[in-house]
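Participant: Provided herewith is a single structure, encoded as structure tokens, for subsequent inquiry.
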Amino acid sequence: MSIEIITGPMYSGKTTELIRRITRYKLCKKNCVIISHSIDNRCEEDDNILINHDGFKISHDDFIKTNILINKIKIFDKYEIIGIDECQFFDSNDLMIFCDTLANNGKKIIVAGLNSDFNKNPFKSIIKLIPISEKITKLQSICNFCYNDATFTMKKFNKDIIIEIGGSDLYIPVCRICYNENNTIN
């Protein structure tokens with residue numbers, strides 16, 4: 001059917017938008033599932049709960065945490081709508097093949113993830129999905145310094161570690177000007 005991408009910096013509402021879209025389909029009695037990478041510590045798998053950075057929770061009957069997608073493709077046959085949160089953590093080839101295969105088999109895939117790391121380098125998982133996607137939504141946050149629209153994520157410290165799970169203690173959204181002026185925070 002189709003692939004939709006929701007992307008942007010941290011705190012731009014990607015998970016909130018994913019939850020909103022999935023909730024709309026659930027209200028229409030569509031069979032939905034949400035997938036999150038097993039590295040994501042905002043999820044409460046035992047309670048089937050997905051949590052955004054604001055603490056908003058959605059309880060979902062069908063919630064799966066995994067780090068590999070393609071070898072589990074058969075378990076998604078029963079779903080019409082498949083949401084994938086924190087897509088930047090998944091292997092880019094695995095994610096691309098998974099999404100393309102399911103979309104070609106009549107599933108709607110909604111993928112949410114960061115547009116880039118704190119060095120403004122794009123995540124391969126997003127880049128590889130762009131050519132095979134029907135819809136791309138780029139969200140913005142609010143700059144922590146000047147309160148203008150923010151399109152980048154800046155890391156406060158530990159800048160030698162590219163993938164590090166953290167919240168506002170470690171990452172902040174910033175605009176281009178404030179990124180360039182303040183990206184020396186240690």
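Cβ atoms here come from the backbone N, Cα and C positions, even for glycine.
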Participant: Of the candidates Phe90, Phe98, Phe118, which one does Swiss-Prot list alongside Ile162, Ile163, Glu164, Ile165, Gly166 as binding substrate?
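Facilitator: As annotated by Swiss-Prot, Ile162, Ile163, Glu164, Ile165, Gly166 share the substrate site with Phe118, chosen from Phe90, Phe98, Phe118.
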Participant: Roughly how many Å separate the Cα of Cys178 (Zn(2+) binding site) from that of Gly13 (ATP binding site), to the nearest whole number?
Facilitator: 20
Participant: I'd like the number of other C-beta atoms within 10 A of the C-beta of Cys178 (Zn(2+) binding site), please.
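Facilitator: Other Cβ atoms found within 10 Å: 20.
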Participant: According to DSSP, folded down to helix, strand and coil, what is Cys178 (Zn(2+) binding site)?
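Facilitator: The three-state answer is helix.
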Participant: Taking the Cβ of Glu164 (substrate binding site) as the reference point, list residues of the same chain whose Cβ is under 8 angstroms away and which are at least six residues distant in sequence.
Facilitator: Lys155, Asn158, Leu170
Participant: Checking the contact step here: among the binding-site residues Gly8, Pro9, Cys143, which have a Cα within 10 Å of the Cα of Phe118 (substrate binding site)?
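Facilitator: Cα within 10 Å of Phe118 (substrate binding site): Pro9.
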